[in-house]
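Enquirer: In case it's useful when we look at the structure, here is the feature table from TrEMBL:
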- CYS2: active site, for GATase activity (ACT_SITE)
- 2-215: domain 'Glutamine amidotransferase type-2' (DOMAIN)
- ASP102: L-glutamine binding site (BINDING)
- ILE297, SER369, GLY370: ATP binding site (BINDING)
Amino acid sequence: MCGIAGVLTTSFQSSIEQYMQIMQNALKHRGLDDRGTYLSEDRTTALVHTRLSIIDLSANGHQPMHIDNQRYWITFNGEIYNFRELRNQLKNEGETFFSHTDTEVILKLYAKHGEKCLSLLRGMFAFAIWDDREKVCFIARDPLGIKPLYYWHQGSTLIFGSELRTILATDIISKKLSPIGLYTYLTSGSISEPRTIIDGVKCLEAGNSLTWQSGRLKQKKYWQISFDSPALNCSNNLSIVMDEAINKTRSALFDSIKYHLISDVPVGIFLSGGIDSTAIVTIAKQIQVNKLSTYSIVFNEEKWNEGPMARRVANDFGTSHTEYLLTAELGKSLLPDYWKSLDQPTIDGLNTFCVSQIAHQNGIKVALSGLGSDELFGGYSTFQQVPRMLYQRQNAAFLNAIVGCVGNGLERFTKSPKYRRLGAFLTKENSIANAYSLMRGVFSDWEAYQLVQFYLGSDIRNQLKDEIVNLLALGNNQALKFPTLEDEVSYLELSRYMRNQLLRDSDVMSMKWGLELRVPFVDSHLLSEIGQIPASIRLQRSKRLLTQSIPEIPSYITNQKKRGFTFPFEQWINNEWRDYTMDIKVPSIIPLPYKQWYRRWSLVVLENWWQNI
């Protein structure tokens with residue numbers, strides 16, 4: 001895992017070295033082991049890199065890396081888990097290698113196959129490859145969006161980087177809030193790609209590539225989430241189908257975790273005491289010879305404390321376990337450093353910030369997380385509630401004439417945040433995407449309009465209208481079709497909540513501490529295998545398919561009530577952190593009850609992010 005950045009331009013070559021240095025300094029926390037730069041002879045292309053050494057720790061892994069007499073250059077962030085198989089295939093075809101890195105494998109594959117090389121890569125990545133002969137730069141991001149990549153394009157100039165702050169550090173663009181970016185943050189707690197919180201800067205969407213040549217930029221989608229079950233439709237016997245699904249899931253999970261354990265440095269595991277992280281420990285114990293290291297956060301607040309469960313799992317599976325007691329006072333003392341680490345505002349992220357710090361302090365450079373399991377196996381309440389909302393509204397279709405009026409009234413005049421979001425749903429088309437937005441919402445649409453106007457000082461309702469219509473369209477692609485409503489919810493969880501919030505926060509907060517966070521449940525090959533299993537099996541309550549596929553998970557884990565990896569925010573915000581949250585200024589028409597702590601917290605985060613970016 002590393003930091004990458006670059007400038008491609010035909011406009012201001014005279015100052016390009018200055019920008020290279022500035023961008024590299026902005027990325028230094030992402031890679032303390034090495035740093036490097038490349039500047040083309042015609043001064044149109046600059047590549048920047050900071051390295052966190054994970055595979056081939058020698059100087060041979062230095063980046064930007066080049067091959068073919070310096071024709072191809074790469075700056076790469078991430079890990080390619082199947083690089084050894086790909087390397088052997090290339091060697092059998094006559095290729096030679098000077099390193100044992102996955103970076104060199106990517107370069108060789110691109111030189112041989114061009115952009116088609118993306119279909120061969122299994123892993124998490126964001127990279128840029130410069131072809132100095134053809135004067136073409138190829139930029140790509142992994143299928144599920146684990147590794148971020150931001151860019152700004154104007155005229156003939158393209159600037160890109162692993163973090164938003166990398167681009168802002170150049171001062172080429174102004175630090176101006178994006179109305180639509182701010183709107184999506186206020187309605188969902190994170191910013192929906194390809195938008196960012198800064199006007200003019202975009203996030204390259206997951207499964208997409210960019211090609212820059214002579215100032216012109218072309219974007220292409222190379223991968224899309226899909227669910228289909230042809231492999232399990234061959235039998236009408238439900239028990240046979242279930243057995244096949246269990247075997248397929250178990251095999252795919254063992255395969256994914258085996259690949260995610262590949263490293264030339266020790267690998268730790270974040271252990272929360274829930275099903276997902278326990279599943280990883282259970283499988284890793286059977287794959288890895290060395291003793292496992294696990295890390296947990298514990299609280300004094302019993303309702304939120306999963307420490308005893310995590311401790312029991314660690315003891316039963318013989319891991320070297322480290323706990324970190326996080327009190328309200330200690331958490332508050334960490335906030336100033338947390339604000340400085342935020343790349344974009346988010347209502348999540350502090351949990352990963354804290355547990356990554358523990359791993360870092362214990363000398364760990366790679367850790368596995370259970371992130372992504374709920375989205376894949378139906379672990380959220382949205383899988384039941386969203387389809388139920390859709391059915392209930394369909395059954396009340398005879399009231400359509402008044403539903404919109406009722407919705408407007410609820411959204412604008414009730415004091416309840418919940419009913420305001422419900423009102424927003426009633427004013428829109430009855431769709432899965434709209435029902436999902438209600439369930440995952442922070443502020444209602446109308447409230448977000450008022451807040452954007454409050455922060456930016458102008459009426460932006462008409463300006464935002466068309467963009468919001470696109471935002472609410474399913475993945476901005478109405479052609480997507482899913483076998484069931486539950487599959488569609490799974491898609492939304494994977495492409496919105498997980499991608500825009502959980503993955504982005506995990507990258508930024510782990511890299512703050514020089515930690516590579518790997519997510520075995522977020523794997524395109526795993527998704528392709530398990531996505532063939534019908535939703536009626538894959539998305540059963542309590543993640544039944546997962547627990548039946550890994551029966552080694554102890555019953556005291558599978559039988560407990562789901563908690564999730566979160567903090568006692570409501571209690572802390574109402575008490576020990578109250579001085580942080582009391583002075584938030586908003587229009588009087590926007591209620592900020594302490595029970596719905598996430599509304600107040602989202603504004604606290606926004607204010608402190610803006611002061612520190």
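Heads up, the Cβ atoms here are built off N, Cα and C, so glycines get one too.
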Enquirer: Drop a 10 Å sphere on every Cβ of the recorded positions CYS2, ILE297 and tell me which sphere holds the fewest other Cβ atoms.
Expert: ILE297
Enquirer: Just checking a number: largest C-alpha distance across ILE297, SER369, GLY370 for the ATP site, rounded to a whole Å.
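Expert: It comes out at 15 Å between the most distant Cα atoms.
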Enquirer: Cα of GLY370 (ATP binding site) to Cα of the residue listed as 'active site, for GATase activity': how many Å, rounded?
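Expert: Cα-Cα, rounded: 22 Å.
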Enquirer: I want to check the contact list for SER369 (ATP binding site): same chain, sequence separation of six or more, C-beta distance under 8 angstroms. What comes out?
Expert: PHE270, SER277, THR352, SER506, LEU517, ARG518, VAL519
Enquirer: Going along the chain, which residues six or more apart from ASP102 (L-glutamine binding site) have their CB under 8 A from its CB?
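Expert: In sequence order, the residues whose Cβ lies under 8 Å from that of ASP102 (L-glutamine binding site) (at least 6 apart) are ILE55, PHE76, GLU79, ILE80, PHE83, GLY123.
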Enquirer: In whole Å, how far is ILE297 (ATP binding site) from CYS2 (active site, for GATase activity) when you measure between their Cα atoms?
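Expert: So the alpha carbons of CYS2 (active site, for GATase activity) and ILE297 (ATP binding site) sit roughly 26 Å from each other.
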Enquirer: Indicate whether the residue listed as 'active site, for GATase activity' is helix, strand or coil by DSSP.
Expert: strand
